[in-house]
Amino acid sequence: MSEIKDVIVQGLWKNNSALVQLLGLCPLLAVTSTATNALGLGLATTLVLTLTNLTISTLRHWTPAEIRIPIYVMIIASVVSAVQMLINAYAFGLYQSLGIFIPLIVTNCIVVGRAEAFAAKKGPALSALDGFSIGTGATCAMFVLGSLREIIGNGTLFDGADALLGSWAKVLRVEIFHTDSPFLLAMLPPGAFIGLGLMLAGKYLIDERMKKRRAEAAAERALPNGETGNV
């Protein structure tokens, strides 16, 4: 149970692929102009990570060590192709928005890295959980960045959600404030870099505060009964 919890915590927070490892920054920065695009690419990446980790872990005993990387890439490419066809068939608007970044998941360092570092050494169930956790962590980072850029740039949230979820999702669109002149800095690549930098700083501050609280709690437990540690 502790190993399962550790895999989840590592994927979502401690070893977040976007905010800690800084992997897959090209699609992270390019696609997150809206919350819908960010969520779409994040879900696709999560699905690819989960399925490839599961497949590679299942086949790990029959994979020759000398040619394991080409085999991993072939498995990843097959899964990405299937996901790309699904998006093309059921979410064509999103498929057009994401464009080349869907097939580029094949070369994403996150996917290959988890295959080599985790799936090739662990069992199928734990590997699938690792892929899902890493993908969910990346999706959360993409979604937060995409939401911030969309709100600041256009004053909306979930604009174009129907491209991802169907026509019913038009009701999800929220206009935070009205603007006739979008704030282009937030929508263009410089805004993505600035937003990511602020998110990295925010995570660092949260980690430092949590570390300080744990140190204070440990110090209090170490004190003899009846002492508070106050002067």
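Note that Cβ sites are derived from N, Cα and C of the backbone, with glycine treated the same way.
Residues or ranges marked as transmembrane segment by Swiss-Prot: 18-38, 39-59, 63-83, 86-106, 125-145, 182-202.
Between the transmembrane segment (86-106) and the listed ranges 39-59, 125-145, 182-202, the one holding the most Cβ pairs under 8 Å is 39-59. Residues 3-4, 7-8, 10-13, 15-19, 24, 28, 31-32, 35, 38-39, 41-43, 45-54, 56-57, 110, 114, 118-119, 192, 195-196, 199 of the same chain lie 6 or more positions beyond the ends of the transmembrane segment (125-145) yet place their CB under 8 Å from a CB of it.
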